[in-house]
Amino acid sequence: MKWRTIIYVILLVSLTVVKALPRSYQEIEGRNSIGQRFSQLQENNFKAIALMMFAQYVQGGTFGKAVQMAEDVTDLARRCAAADRDNPDCLKPLDRIFLDTICQEENLPRFHDCCAKKDPERNDCFLSLKNSSRGFSSPFERLNAEAACRNHSQHQHSLTGYFIYEVSRRHPFLYAPTILSVAIRYDEMMKNCCGSAEDPTHNLEECFQRQAPKVVKPVKEDGLRQEHTCGILKKFGERTLKALKLAQISQKFPKADFVTVTKLVMDIANMHKDCCRGDMLDCMHDREEILHYVCTNQDILSSKIKKCCEKPLLQRSECIVNAENDDKPADLSPHIKEFIEDKGICERFAQEKDAHLARFLYEYSRRHPEFSAQMLLRIGKGYEDLLKECCKTSSPEDCCRRGEEELKKHIYETESVMKTSCDIYKEKGDYYFQNELLMSFTKKMPQLTSAELIKFTKQMTTIGSKCCQLSQDKLLPCAEENLDLVLGEICRRHLANPINPGVCHCCSSSYAFRRPCMGKLEIDENYVPLSLTPGLFTFHEDLCTTEEDKLQHKKQEMLINLIKYKPLITQEQLASVTAAFTAMREQCCNEESREACFAREGPELIKRSEKMLTE
């Protein structure tokens, strides 16, 4: 099997082949036929995608094992496409063939329980084992630049294939187009950096450090978004995902009519169902179908995506997602009174419930690009609850008009929360803003480790730096939609290892209200504070480091332990303890024998702090 040739070809023609699939593909009988897929995609593409799928399912497997399984499946596909179509194995759904291949392998004990199940439970079991936070290091960590360039010059295409395997297993929810796009960027980086290696003024390490983040960034961002979407689908169901996409698409394409937007919502929801089920081939095709539809219907969708549709296929999706919302139609009225004042609303709601609510969400969303999609879902839920209540009364129109006041109140409260957070961020800056978040979230979720709390609050602080500088009409979509990704990550962490009942309630009850729910959480009253053991607070001369990032990290770890030890600590008590610590650090860092000073003064600081915390 010539994997060097295969990876080279896949990088050249991968996604263009998908464009050759018939437009009626979704309706073709036997769309899961492995022989049909092989013929449509051609061997090189089929094989490379098989490699990705096996790397994503068997994350702990070796490159050689993934290659061997991909070869086995490709051999079967080739036979099925040629003359063996009536073979029972050729008639199996493609995902079943892939899982059968894994289950036939020896030395994969982790999958024994899953392999004992029947489909579709088996597939669900395999998907549940996919883990994007298992701690695999980045492909660029501990990278020896000179050795990498030697490998690239001798094994260019097989090295790129190995990179595809590594990215796939580290990011088991990442879609094939993203992996292929990143592989192309990786290949370009290697050529750019290694191509100038003979230049005496060229710094290889610096070149890799400069270009590697551009390769890694879309992997992290796309992987997180895709896992997030699958998490919404799994936890809250297809109806919630469709409502979210309806709000987002209505904002993106406000000139598009309801029928067109609804078609896109259905297609995108179906794509995510295929992608989240692990069917990478269907996932790729669904994605291309949507891009084809969007780009051939720009005139009725948006004037802002012309440049996106001129880009290569691999770059098109990301461009459209990040494109500006189109301008609202000039004749679009600012209000939608027919949903409040029309005398027939209760009858329509009773007859068409979901369709009526969908039209309301569409009309409201296209008028309000300044709101986040999550806030629009809360407004939609509020409208649904309003109709349920008012349609029981003798005067539903008057009742609904009173509901408008509740809507204004919710909008004001949401905007106030974001404004207050940004005011604090602008006043305190990154480090002290993160400390405020650390205090709040350590009280809400003391079961999280220090590393987890620092990571999540760091992500929230980055959102502050990104969104708080934006104009008022862009602040809410930026802040809440990015914050939603972090909260989704916290909820997936809870799903894997439960945090506490409060977090469970927020993560389970409602997707739209998850952010307000988390915001209202207070101290976990069931949490048993840490005991003051000798190892809880330790002070050493590494506190004298001149590297500000390292010092801040150590101080934040101490802050977390302090709150876990004393969850009811007041701001005044914290200020007193902080001042005492700062004085001790300054004293010891100015002495010749720093370690001895910390060994002497540390226990004294703990005693004084204990007294402060009991006053």
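Residue numbers in this text run from 1 along the chain shown.
Placement of Cβ uses the backbone N, Cα and C atoms for every residue, glycine included.
For Cys589, the disulfide partner recorded in TrEMBL among Cys517, Cys544 is Cys544.
According to TrEMBL, the cysteine that forms a disulfide bond with Cys283, out of Cys275, Cys295, is Cys275. Checking Cys103, Cys114 against TrEMBL, the residue bonded to Cys125 by a disulphide is Cys114. Cys309 (disulfide bond) and Cys319 (disulfide bond) are 8 Å apart (CA-CA, integer value). The two recorded residues, Cys125 (disulfide bond) and Cys115 (disulfide bond), have Cα atoms 9 Å apart. Here is what falls inside 10 Å of the CA of Cys283 (disulfide bond) among the disulfide-bonded residues Cys276, Cys346, Cys390, Cys597: Cys276.
Taking Cys80, Cys103, Cys115, Cys275, Cys295 as the disulfide-bonded residues under consideration, the smallest Cα distance to Cys390 (disulfide bond) is found for Cys275.
In sequence order, Cys103, Arg122, Cys125, Phe126, Leu129 constitute the residues six or more apart from Cys114 (disulfide bond) in its chain with CB-CB distances below 8 Å. Of Cys275, Cys276, Cys295, Cys422, Cys468, all annotated as disulfide-bonded residues, the residue with the shortest Cα distance to Cys588 (disulfide bond) is Cys422.
In this structure, the disulfide-bonded residues Cys194, Cys319, Cys390, Cys399 were compared by how many other Cβ atoms lie within 10 Å of their Cβ, and the smallest count belongs to Cys319. There are 23 other CB atoms within 10 A of the CB of Cys588 (disulfide bond), with all protein chains counted.
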